[in-house]
Amino acid sequence: MGELFVLVGGESASLPVYKKPRRKRIFPFCPVVVCMSVMGGGFYISKVVGVAGIVLGAGAVATIIALAVVYSEEVAKNNEVISPTNEGSTVKPTLTTTEGSSVSTPEGSSVSTPLLPTAQPSNEPWDKYRLPDTLKPDHYNLTLWPRLKVNEQGLYIFTGETYVVFQCVKETDLILIHSNKLNYTKWEGGQLAKLTALGNITAPTIKSSWLQETTQYLVMQLNGNLTVGELYQLDTKFVGELANDLGGFYRSEYEEDGIEKVVATTQMQPTDARKAFPCFDEPAMKAVFHITLLHPVGTIALSNGMERDPVPVTMEGPEGTVEVLKTSFSETKRMSTYLLAFIVSDYDYVNETTNDVLIRIYARKKAITDKQGEYALNITGPILKFFEEYYNVSYPLPKSDQIALPDFNAGAMENWGLITYRETALLYDPEMSSNSNKERIATIIAHELAHMWFGNLVTLNWWNDLWLNEGFASYVEYLGANDAEPDWNIKDLIVLNDVHRVFAIDALASSHPLSSEEQAIQKPEQISELFDAISYSKGASVLRMLSDFLSEATFSKGVSTYLKAFSYNNTVYSDLWDHLDLAANSSGVSLPTGFNVNSIMNRWVLQMGFPVITIDTANGHFSQEHFLLDPASRPDVPESEFKYEWIVPIRWMKTGKEQSLTWLKTRTANMTDMKVIENEWVLANLNVSGYYRVNYDVPNWERLLNVLNTTPESIPVINRAQLIDDAFNLARAKYIDTILALRTTKYLKTEKEYMPWESALNNLDFFYLMFDRSEVFGYMQAYLKIQVEELFGHFKNITDNWTKVPSGHMDQYNQVNAIRVACSTGIDECLNLTKGWYKQWMNDPTKNPIHPNLRTTVYCSAISAGGEAEWEFGWNQFNASTIATEADKLRYALACTKQPWLLNKYLEYSLNPTKIRKQDATSTIVYIASNVVGQPLAWDFIRDRWQYIFEQYGGGSFSFSNLINGVTKRFSTEFELQQLKDFQAEHNDFGSGNLAIQQSIERTSANIRWVAENKKKVLEWFDGEVPKP
Ligand SMILES: [Zn+2]
């Protein structure tokens, strides 16, 4: 599944008032609101009453059970909670800040909740979540007919007819096949399916058949055993709801030229293919699929295989006689069910053919007319070619379709040959899209195309190895995007976007290892939980480290032989290690004596966390220790068979000169080369290619600070960002003094590069949270104002007084930082600039003069500095906006005002679904709480409305814990702690926010301690850094 960067404003505080929404990777295929409410709602088509006749397919008369009124009401009730709308195409910060299975922690980062225990209600095979090993599918024949109009009961439905041919591999008198929320037509004898044998034998008759709801099976007990080695055919006819629940076969709606339109589309991963048709829905149950779609005249049908010309057919249904089109598709390759896709729409497309592969980009007609598909089309061919060379395996399919959907839950989904995307992840509009929107499109396309081989051609056996599939794609997406956009230096950004980000989570005692036991992952919700930051970002980080110490050529060679050996089959993660070992041996790569890829990587994969390497340059002594952000949490860390020791590759330099790769294989070691004399210095983890932090003896830190202040260019730019991030985190974990960490920001006065600035601003967020209501704030602002002056001037120069866009991709990002910090620290020239632009826009709302790159920051700055007129204008633009990303930018910026009455009004709006979509409510409140003026208002507001908010948002939604964490993240006084405790005592149940309340109390206590220890010296240091008149 595709990762996604989105604008998120509420996750942590930042510079006062102007909090820059940060790009954040989201993982959830099935996050939060949707899954919780749908699964919790438990509406099934089995709750049916009415019966209607219908004809489906070549003369087969089927009795289709229609859906009852009771059921419609339940759906309506559920939809109220789910509420995906036409404009649901943007990622909702409510969802994204939660990272699926994650909740906010004291550090404002995320931590995964532990996996649910596996309950097995009984020993009956149909009460187990895994299929028995008795049957293997060979091929399926499937016809689906989605209705794009509501039926008499007010429901959208689809009907289907399918057979699967399977082989019996172990004697059994039981057939289990996955099925969820499907309602079956009964065959003669009253059974839900028909079984026939394909060979010269007779199939046993079905004794009984039923739907096992909890484990999602269609169960058939037979009067006799199936014969090993024989092929059987199982026929079914069924009906399902084409709901707007974003899972299985579902509908997406949008408006075009005043007309409501419906798209029927799919999202199968991980376990929703069974919601579209009965199937052996496990990744190792690969089969060939023959697919046919029936669809309205005037629409087109797409699937994994190439479509044949549609044929008009006449169908009989409850709706009467209908003329429809029948489109059948070339049979698929042998593939997993979770990679299937079926789509009916009236979309248009652009196309080209590169290396005999037909590449098509599908989207709403208007988006295609507006040429929003051009960018995706232009980069897909080169990226496919890049991966063909990287894998040394041809693209396995004759076509590559990519389609943008108005309602889509994940960022994108790598369906084989028909990749689905959120609109914002595929469509690029030069007028409205920022450079980060563009980067996201390039990286997501690369990510999904990488899966066409790694994941689709060769598939992991079971979901417990999901981290390898997603970690791999999350690593090579940077290589693919770099190939398409070589000027961006995008490969470096993995350090900020993945390594540093996941460090924050993986440094907690509550983290978890990359790899899970197969037995521990059984239920759909346990599978969904695996789509988290650890799987994606840590997976990417450790594979990047592996590729670095093997060399990229050796790594890709091992990947290539692995793909060739297991094409159309399944693997476990150690199969890849075996092939990498072979590649390492044949390329003569030397690994530390006694170790191979398997034994090195086990340390990184099977135990959670990562080490901090401490280098003492006085004696050449170096050592490793499990890095924990809170040293007091060490007793809570579970035991590890490797005792939290790692085999650590260390790339390092001495006084600017790169040294040869060194390995730390034990807890401590000595290397005389690391000893220095006089002004020599040591810097380790070059380019942050290793997944660890580095600490030094204080004299070496001093020498590194000296280099930053005098000749910063002798330290690679990634390592300048690393020194800042390591220092701040080492200080939080009490390895070094807080002032030493702050001193790493002094040289920023002359720094022009994005990565070090971004690293510093991310880390200073915490200082702003703790101090923006105290006297420290003024000193901190004065310091940062001095630091940013030169950067602001630099961008003024290179943009010709703000009239041009900087040419460099990273420069465009850092321009945003420069404006954000300059305006928030009160540089008049900056404030006049942003106010002026905004004023210009207010004077002519049809012409927005603000470049898309700068909009979030400029809107926020202008609304913050302005009053009612600026706010009302922003509010009107928000309501008028038809582009989801634009609306999100405004919704965020409206929380930047300093007027308490406007903030209170906005809080009221947040709970009014006619003003703020329900799914955006909690993130809007969190945005307001991120504003120092809005913080107490939001806290009062949620306490005052607690009952209502709890009833509406508390059920099972992770966004609810996000709300609690977001509103209380600034808490750092005894008074606030007491308020929190009173609040907890007053309401005994916080639903999905129970953990968040507890975490908020713990975080507040930790913040009180941190402030007590650091406030005085931090104030004195800032004071000392600001020149006195
Ligand atoms: Zn993926």
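Every residue gets a Cβ built from N, Cα and C, even glycine.
According to TrEMBL, the feature active site, proton acceptor maps to E448. Look at E448 (active site, proton acceptor): DSSP puts it in a helix. All protein chains shown were included, and the count of other CB atoms within 10 Å of the CB of E448 (active site, proton acceptor) stands at 31.
A sphere of 10 angstroms centred on the C-beta of E470 (Zn(2+) binding site) encloses 27 other C-beta atoms. Positions annotated as Zn(2+) binding site by TrEMBL: H447, H451, E470.
The compositional bias 'Polar residues' annotation in TrEMBL covers 83-95.
The compositional bias 'Low complexity' annotation in TrEMBL covers 96-114.
Look at TrEMBL and you will find 136-339 tagged as domain 'Aminopeptidase N-like N-terminal'.
Residues or ranges marked as domain 'Peptidase M1 membrane alanine aminopeptidase' in TrEMBL: 375-604.
Per TrEMBL, the feature domain 'ERAP1-like C-terminal' maps to 681-1004.
Residues or ranges marked as region 'Disordered' in TrEMBL: 83-126.
The site 'Transition state stabilizer' annotation in TrEMBL covers Y536. There are 29 other Cβ atoms within 10 Å of the Cβ belonging to Y536 (site 'Transition state stabilizer').
Under the heading transmembrane segment, TrEMBL lists 26-45 (among others).
The annotation transmembrane segment is assigned in TrEMBL to 51-71 (among others).
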Fewest-neighbour residue among binding-site residues, criterion Cβ within 10 Å, set H447, H451: H451
Residue pair Y536 (site 'Transition state stabilizer'), E448 (active site, proton acceptor) - Cα distance, angstrom, rounded: 13
Rounded distance in angstrom between the Cα atoms of E448 (active site, proton acceptor) and E470 (Zn(2+) binding site): 10
